[in-house]
Amino acid sequence: MNKALPKAIFLMGPTASGKTNLAIELRKRFPVELISVDSALIYKGMDIGTAKPNAEELLQAPHRLIDILEPTESYSAADFRRDALKEMDDIVAQGKIPLLVGGTMLYYKALLEGLSPLPAADADIRAQIEQEAEQFGWEAMHDQLKSIDPVSAERIHPNDPQRLSRALEVFRISGKTLTELTQIKGDALPYEVHQFAIAPKERAEIHRRIELRFANMMEEGFEAEARALYERDDLHADLPSIRCVGYRQMWDYFDGEGTLDEAVFRGICATRQLAKRQITWLRSWKELTWLDSDDIDGALELISTQLEKK
C-alpha cells in the first residue's frame, strides 16, 4: 500500500486580503508552521513598504523565508522552490503541517508543478537586450517578442522590462520560445495540498484596504525607509527589490518625478493593479477553495473541514 502523502496548506490571495491574520489564527488552532510565499518579504530592511508581519505577529506565528536576502540580491522561482521544499520537509519531520502563505503566484506554481527547463540567465545577452531597448524603446522590443512568441507577448506588458527581457533572452539562448519551454513540466509536489484563497467579496473592499494600508505605511515611516534604501550606493532602480510596488514609485519621487502625494497615488494604483493580476491568476487556479476575508470564523471552519477529509 502506498504511503499517504504529508499534508500541506496553500493560503493564497491578493495583497491586503487578510492572509497574515488568518494564518495567525490557523496557527492557534492547528499544528502548522508558516512559510512565506512573497517575493518582497525575502528582503532585509524592507519592512514597512512590504507590509511585513510586525514583531508581535511574528512572535505569534514565525514565518520562514522572510528576511533571507539583502536588497542587492536576486531570487528566482527555482530558488524559492528549493528553499520551500527544504523548509516543508523540516516542518513535516517535526510532525507539523506546512502552511504556505503569500501572494506571489509564480512561486506557488513553481512549487506545485515543478519548473520548466529554462536556460540560466546570460549577462551578455541581457546587456545586449537592454542596449537595444535603450536605442529603440521597450515598445519595439515588445513587437519583437510578438513576432517570435505571440502567446508570451499577450501576457507580458510592454512596461514590464524584467519579464519582457527574460522572454527575449530565453529565445536568444535556446532558440525556443518561453511558451514552448514552459509547457514542459518538472517534478510535481510530493504533498497532499489543500489550496485556499482569501479575498473580500467586493473589489471595492480590496481598493479600500489598499488605500488604508498605504496611509498606515506612510504614518509608520515608509518614506524614510525608502529613502534610506535610495541613499545606499549599492542599490539602483533596476534591482528586483527596488521594483517592488511602492518602492519603485518612491524611488521615482526621490529622482525628482512629481510630488510625494503623487508618488503615494501611483503606489496605490500599482498595488491595485497587482491585486487585480493576483485575482485573475487565482480565478484560473484549479482545486481552489475561496474564503471570505470578512468571515474569519467561516474560513477557519472550511479549512478545518477540508483538513479532516481523507
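Glycine residues also receive a Cβ, built from the backbone N, Cα and C atoms like all the rest.
Remember, it's a predicted structure, so these values are computed and weren't measured experimentally.
Neighbours of A16 (ATP binding site), defined as other CB atoms within 10 A of its CB across all chains, total 25. The ATP binding site feature in Swiss-Prot is assigned to G13, P14, T15, A16, S17, G18, K19, T20; the stated evidence is sequence analysis.
Its Cβ placed at the centre, S17 (ATP binding site) has 25 other Cβ atoms within 10 Å. What Swiss-Prot records for T15, A16, S17, G18, K19, T20 is substrate binding site, and it gives sequence analysis as the kind of evidence.
Sequence-distant contacts of the region 'Interaction with substrate tRNA' (38-41) (same chain, six or more residues past either end, CB-CB distance under 8 Å): 50, 52, 63, 65-67, 75, 80, 102-104, 106-107, 240-241, 244. The region 'Interaction with substrate tRNA' annotation in Swiss-Prot covers 38-41 (among others) and rests on sequence analysis.
The region 'Interaction with substrate tRNA' annotation in Swiss-Prot covers 162-166 (among others), and the record cites sequence analysis as its basis. Listed by sequence, the residues of this chain that lie at least six past the ends of the region 'Interaction with substrate tRNA' (162-166) yet keep a Cβ under 8 A from its Cβ atoms are 121, 126, 129-130, 133, 138, 141-142, 145, 156, 178, 240, 243.
Here the region 'Interaction with substrate tRNA' (243-248) has, by DSSP, the following mix of helix, strand and coil residues: 2 helix, 0 strand, 4 coil. Taken from Swiss-Prot, the feature region 'Interaction with substrate tRNA' applies to 243-248 (among others), supported by sequence analysis.
The region 'Interaction with substrate tRNA' feature in Swiss-Prot is assigned to 276-283 (among others). Tertiary proximity for the region 'Interaction with substrate tRNA' (276-283) is limited to same-chain residues at least six positions away from its ends with a CB under 8 Å from its CB atoms, namely 12-15, 103, 105, 197, 199, 203.
According to Swiss-Prot, the feature site 'Interaction with substrate tRNA' maps to T104 (among others). DSSP assigns T104 (site 'Interaction with substrate tRNA') to coil in the three-state reduction, placing it in neither a helix nor a strand.
A helical conformation is recorded for R126 (site 'Interaction with substrate tRNA') in the three-state DSSP classification. Its Cβ taken as reference, R126 (site 'Interaction with substrate tRNA') is surrounded by 16 other Cβ atoms within 10 Å in the chains shown. For R126 (among others), the entry in Swiss-Prot reads site 'Interaction with substrate tRNA'.
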Intrachain residues whose Cβ lies under 8 Å of the region 'Interaction with substrate tRNA' (243-248), provided they are six or more past its termini: 39-40, 43, 46, 49-50, 162, 214, 217, 222, 226, 229, 237, 267, 270-271, 274
Across the region 'Interaction with substrate tRNA' (162-166), average pLDDT on the 0 to 100 scale: 92
Residues of the region 'Interaction with substrate tRNA' (276-283) by DSSP state, where helix covers H, G and I: 8 helix, 0 strand, 0 coil
Entry from the binding-site residues list G13, P14, G18 having the most other CB atoms no farther than 10 A: P14
